[in-house]
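J.: Quick paste from TrEMBL:
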| type | residues | note |
| --- | --- | --- |
| ACT_SITE | His136 | active site, proton donor/acceptor |
| ACT_SITE | Cys199 | active site, acyl-thioester intermediate |
| TRANSMEM | 12-29 | transmembrane segment |
Amino acid sequence: MSGVSKRLKRILINTLIGVLLVVGLILIFNEPIKNWAIKEMGQQRIEQVTAKQVTKNEKKKTNYNYKKIKSLGAKEVAHAATNQGNLPIIGKLSIPSVGMRLPVVKGLSNDALSVGGATMKSDQTMGKGNYALAGHYMLNDGTNLFSPLDRIRIGDSIYLTNLKKVYQYQVNWKQVVDPTATYLVNDVAGKKIVTLITCADGGKNRLAVRGNLVKVQTATTKTLARFQTK
């Protein structure tokens with residue numbers, strides 16, 4: 001075998017080893033990579049969305065098919081990553097006490113749930129009725145998506161904004177509920193509330209949090225500061 005052939009063989013073997021190592025590392029660190037991608041997508045969307053885009057996205061038609069929602073796997077995250085530019089972002093959610101800052105996405109889809117909180121009704125409006133949002137609870141990452149709701153306490157503040165107004169709610173109820181508790185999405189007569197419900201990633205139950213509207217402010221640089229991710 002000539003020197004050139006030996007060198008070529010060595011290069012091919014080294015390349016193969018390198019590829020196998022990369023594939024192995026990806027498999028080993030699949031969860032950390034997935035969690036990083038989820039957090040990065042959410043931060044990008046919350047930082048880049050504008051008031052003009054929110055107004056446009058509010059008019060878009062979206063789906064609310066609960067049966068199509070899946071656990072948040074690598075496949076779902078990868079799909080959301082390729083489609084994130086088309087997500088109808090209609091606002092931002094912030095809970096400073098537990099470090100939650102997420103985009104609010106219109107429609108209940110796997111892509112929406114991969115980056116933030118998804119609206120649960122087609123006709124809901126911030127500051128009116130029951131503004132219900134769903135989000136994934138990550139079993140292996142207590143900082144991502146709706147996982148921090150575990151640490152929320154009665155009296156904590158929940159902030160929503162459509163980049164025109166900032167709506168402040170105060171938590172007054174927190175409970176583990178059965179997946180069939182769909183009544184939590186319904187409006188409550190005479191009440192202006194927010195309801196946050198986790199889509200437990202592999203769990204049997206859901207965590208639900210509710211708060212009453214206590215203040216509405218104009219969206220300014222100062223009032224929007226609490227939605228900044230950095």
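Glycine is treated like the rest: Cβ placed from N, Cα and C.
Automatic, uncurated: that is what TrEMBL annotation is.
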J.: Take the C-alpha atoms of Cys199 (active site, acyl-thioester intermediate) and His136 (active site, proton donor/acceptor) and report the distance between them in angstrom, rounded.
T.: 5
J.: Of all the active-site residues given, His136, Cys199, which has the fewest Cβ neighbours within 10 Å once its own Cβ is left out?
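T.: Counting other Cβ atoms within 10 Å of each of the active-site residues His136, Cys199, the minimum falls on Cys199.
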